[in-house]
Amino acid sequence: MYDDRQLFNLTNRQTRQRYVTKDGKCRVNLGRIEEKKRFLSDIFTTVVDLKYRWFIFVFMLCYIVTWVGFGIIYFVDALLRDDVNHIGDPEWKPCIDNVDSFLSALLFSVESQRTIGYGTRMVTAYCPEGVILLMAQSIIGSVIDALMVGCMFVKISRPKKRAQTLIFSKKCVVSHRDEKLCLMFRIGDLRDSHMVDAKIRAKLIKSRQTKEGEFIPLEQSEINLGYDTGEDRLFLVEPQIICHFINDHSPFWEMSAESLKREQFEIIVILEGIVEATGMTCQAKTSYTEDEILWGHRFEPCMTLEKGAFRVDYSHFDKTFDVQTPWASAKEMHELKENEQNDRSTLSLFWDNMFQTGIPEDPNMIFGDGAQDNQDRMDFPSIAEGKQESDSNDLDI
């Protein structure tokens, strides 16, 4: 197990293979699938998922196979009825007129299935098997037309191309927002027809070893983008900055600017929504590696106010600028802040207690050598001075 982990880390460090590319393609290849029949049970999805060159090949193959198949059947029927040897005989009653070779039978098959009807070849009423074959070919041809046209329509109208107009920033930034350390990136929609019910979510892909010694190569953990508060639901009209607050539940809780250089992970961002024109669900994906995270940066504003409308300048979409950000992790800054608050509360409680209880009889027990200085500073009279004043008053009397 240790050797496997070393081999995986070494290979991943050399090639730095991305789990998801910047344009949203998953770099995972499936192999050694024994039950291929599962793909045939879902033939519609299998055909739609084919590449266009294979889809057109299957499209043409379905028609060619049926044309050639029924052409062979027509030609065999003509041979068995001896129609080939009686071409031009006015007293002979053929099954199919003017079918004297395989090529003529193939032409008749194409004309029948595509309802061309040139008029020179046709099934006669003296051939019941020919009528049955013609009916069967018409039904099969209609089924093929419906399937192929449906697959072509679904393939063309798939929302995969709509995702090309949804863009993500090339870099992630880490800086403070509302006194909290945040991981931020920006998304935008280039079309005027906006996405309906757009939702954003993110995953962290990182290898780790469990306490039992099990090595998990690519573990997926959730990155909270506001699903508990509803901030993950977007009204994507203008470019928006998506913010992940780094708290104790975040996988980046102990990550600092220095440790970021030594980490190796990948952030997968998934944007989902409904295409307004077709009503189909669209999904756009991208990824960020540890080298694409800028510590201590913010995104430049890209919106300005014009006469009667807002203007979005996409030339500033990926631009960032430096901001003052501590290089410590969110955990370290949180602990430092708690220590400062504890020190302040302890000091405040001490002085409140002092002024409520007053000065003790022996100030040296608390203040030590500096008791007299503190006593003079607080303007408290000493016991000796009080005694001298009382003696002088007695003499005066």
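Each residue, glycine too, has its Cβ placed from N, Cα and C.
So that you can see what the record holds, here are the features copied from TrEMBL:
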type	residues	note
DOMAIN	20-159	domain 'Potassium channel inwardly rectifying transmembrane'
DOMAIN	166-337	domain 'Inward rectifier potassium channel C-terminal'
REGION	367-397	region 'Disordered'
TRANSMEM	54-76	transmembrane segment
TRANSMEM	131-154	transmembrane segment
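Under DSSP, the residues of the domain 'Potassium channel inwardly rectifying transmembrane' (20-159) split into helix, strand and coil as follows: 84 helix, 4 strand, 52 coil. On the 0 to 100 pLDDT scale, the domain 'Inward rectifier potassium channel C-terminal' (166-337) averages 91 in the predicted structure.
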